[in-house]
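The structure appears right after this line, and notes come after that.
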Amino acid sequence: KAYRKLSKRYHPDINKEAGSDEKFKEVKEAYETLSDDQKRAHYDQFGHTDPNQGFGGGGFGGGDFGGFGFDDIFSSIFGGDTRRRDPNAPRQGADLQYTMTLSFEDAAFGKETTIEIPREETCDTCKGSGAKPGTTPETCSHCGGSGQLNVEQNTPFGKVVNRRVCHHCEGTGKIIKDKCADCGGKGKIKKRKKINVTIPAGVDDGQQLRLSGQGEPGINGGPAGDLFVVFHVRAH
């Protein structure tokens, strides 16, 4: 219903104002994205639908009508933020990469070895909460724990309410008044971890080995990331 209203308002056969054809095109493209599961998933992940465009792109064609982007169109159509994320939901930790140089013999016959990598681990003192022992983080009073704030904006499509990351809690939904002295409120501490690695026989230069769960720790109880060991074989 909202799509039909917007498309009718900016249809070039009805609206003769300059730029109405471009606005109609944007609305049509936004609706097609919402109706296509693959395009919608790509937009949710990367912020645009062009598979050839890199991360953090400017969206559809880069046009935003003076600050009016596709998030705003989606909000106008659906009456809410289609890309909202729960800041307290479990998330997987980041992946890590380690480059290991091998002799030709080790690459050919394989071996077992131990590597030491720097990585963040959950703070033992606060158990990852970031708060001083005996205290707990408080729900952000500005965003109510959602990690986002509602911002009203006047657009060519009327007044819409958009959601922005809450700068008071930096999107976490929590405020830590008494921070853990060991991790400074981060909930994580940088440590060096020893990991046993079994190098398979016959590895090639540039080949990588995936060690599941050996990456950065997860967030909010999510699983840890993975460690990728990349092999560099010295010339024989």
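Note: Cβ is positioned from N, Cα and C throughout, glycine not excepted.
According to TrEMBL, the feature compositional bias 'Basic and acidic residues' maps to 10-21.
Here TrEMBL flags 1-47 as domain 'J'.
The feature domain 'CR-type' is assigned by TrEMBL to 110-192. In the domain 'CR-type' (110-192), the DSSP tally of helix, strand and coil residues is 0 helix, 39 strand, 44 coil.
Look at TrEMBL and you will find 1-21 tagged as region 'Disordered'.
Over the zinc finger (110-192), the average per-residue pLDDT in this prediction is 89. The zinc finger annotation in TrEMBL covers 110-192.
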